[in-house]
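Q: Dumping the structure here so I can ask a few things about it.
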Amino acid sequence: MALSLEEEAGRIKDCWDNQEAPALSTCSNANIFRRINAILDNSLDFSRVCTTPINRGIHDHLPDFQDSEETVTSRMLFPTSAQESSRGLPDANDLCLGLQSLSLTGWDRPWSTQDSDSSAQSSTHSVLSMLHNPLGNVLGKPPLSFLPLDPLGSDLVDKFPAPSVRGSRLDTRPILDSRSSSPSDSDTSGFSSGSDHLSDLISSLRISPPLPFLSLSGGGPRDPLKMGVGSRMDQEQAALAAVTPSPTSASKRWPGASVWPSWDLLEAPKDPFSIEREARLHRQAAAVNEATCTWSGQLPPRNYKNPIYSCKVFLGGVPWDITEAGLVNTFRVFGSLSVEWPGKDGKHPRCPPKGNMPKGYVYLVFELEKSVRSLLQACSHDPLSPDGLSEYYFKMSSRRMRCKEVQVIPWVLADSNFVRSPSQRLDPSRTVFVGALHGMLNAEALAAILNDLFGGVVYAGIDTDKHKYPIGSGRVTFNNQRSYLKAVSAAFVEIKTTKFTKKVQIDPYLEDSLCHICSSQPGPFFCRDQVCFKYFCRSCWHWRHSMEGLRHHSPLMRNQKNRDSS
């Protein structure tokens, strides 16, 4: 970001207005420089070095940083009659402390080493280029003002923890702390000749930049330099928010929580199992995403003649203190049964949930289908439902609740599949996966809803477990590519009926496929974004989605449990 001349002048003004900050100036080090020059037989040129401190009183009488010729001359260590200047405040040469003349190798190029840059350009040109472009390229050559000595600069290093920035600082401590009697004995010495006394003088120099340059945040007004750095950091974090929404996820993706993630991506290997985690999170995306379209209406009526039920039924609204023994004692009159508590994904699904947190529902699994028929005959039900779906209720008791009415939801096996056109060939490439289905939604109703929204539905199926009871997902096949892509693009659909309101999730139906990139490895990961829309192996996924515009893509994986259950 390039700053205008007015902004740069304002920045320099703010810097020099802070009298208490240790400034990079010879004004407070004039005596030291005179002694250094005397030791070096007056070989240094201090013709343009400022020696007079700038106080607030003088500065207030200097509009637009203009000084008279006499004032400028009075600030020189060795004033000359030929000296001319139009500015009272120090320029880039003044900020260099006259260290250009000391032949400090690498002073004007703190990002380089002595060995790599033997033939350097003039320090004046380098410092001027940094000051004219104070942000420059933060990833490349940092400005001179961002290279403080410890401890004043320690907080800034914490704000920029990237290794390349940390390593790019000019390490002056070996030079300033050296006490070798012969500079040639030290590999870090930047002087061609010197002594202990000269090293002591150099060590006492105040070369830390003003504090306004060190502070990147605060309650006061931000100067142009702070605004520039802040905007750069905002842009980088905005890019991170597209991948990882929270600081926790960002720290997992880029170890060390680097401000610039690209460096860590190149240096640290990506977690090989991050794709699986993202795919699992995507399966619950309907809970946190807004619906793109809504369907509302009445579900198709159901007319059953001698229906066949699944041996598994759902009990809703069970007493909070109910036990497995209480359930078995209540329902064993209809036949042998077992109890499945919520949390089927756990290691012990047949055990009640831990703690005193009631789930409110449970599954009963009978050994025989006729036991379900007997249970439904013992229930009270409402056959006058507008959609033809009878609601069954059974009264049961627990130790603390008497005559609690619980809802019994059976499943008719014929509701698992619906075919609109039996002669139509089903194309898996035009099939979508629908997740987060409501338990009262059968295949015919699902086909009707998606046909109203996108058209072209020829088949709908509800995924079931080993007991042929629905597991909350289904598949819908279209007869044309346009309807299929419309459904995939919709992603989230809200269904509103007189009985329930539910938001479902639509994804491409996944098959076993080879990687579409290398064609040699299995491709278990699918990218649903229209830019990709391909199957990937693990290596090809990382390679493809390391590009800047593709990092936000979410992977899909086929659910192994769904494959085994249906």
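The backbone N, Cα and C atoms fix where each Cβ goes, glycine too.
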Q: Among Ser25, Ser43, Ser398, which is the one flagged in Swiss-Prot as phosphoserine?
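A: Going through Ser25, Ser43, Ser398 one by one, Swiss-Prot annotates Ser43 as phosphoserine.
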Q: In the predicted model, what is the mean pLDDT computed over the domain 'RRM 2' (430-511)?
A: 95
Q: Compare the Cα of Ser43 (phosphoserine) against each of the binding-site residues Cys515, Cys518, Cys532, Cys540 and report the nearest.
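A: Sorting the binding-site residues by distance from Ser43 (phosphoserine), the top entry is Cys540.
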Q: What does the structure give for the C-alpha distance between Cys537 (Zn(2+) 1 binding site) and Cys527 (Zn(2+) 2 binding site)? Integer Å is fine.
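A: For Cys537 (Zn(2+) 1 binding site) versus Cys527 (Zn(2+) 2 binding site), the Cα atoms are 11 Å apart.
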Q: Just to verify: the residue among Cys515, Cys518, Cys537, Cys540 with the fewest other Cβ atoms within 10 Å, which of the binding-site residues is it?
A: Cys518
Q: Note down the number of other Cβ atoms within 10 Å of the Cβ of Ser43 (phosphoserine), including every protein chain shown.
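A: There are 10 of them.
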Q: Using Cβ-Cβ distances, find the residues under 8 Å from Cys527 (Zn(2+) 2 binding site) that belong to the same chain and are at least 6 apart in sequence, listing them in sequence order.
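A: Listed in sequence order: Phe533, Lys534, Phe536, Trp541, Arg544, His545, His553, Ser554, Pro555, Leu556.
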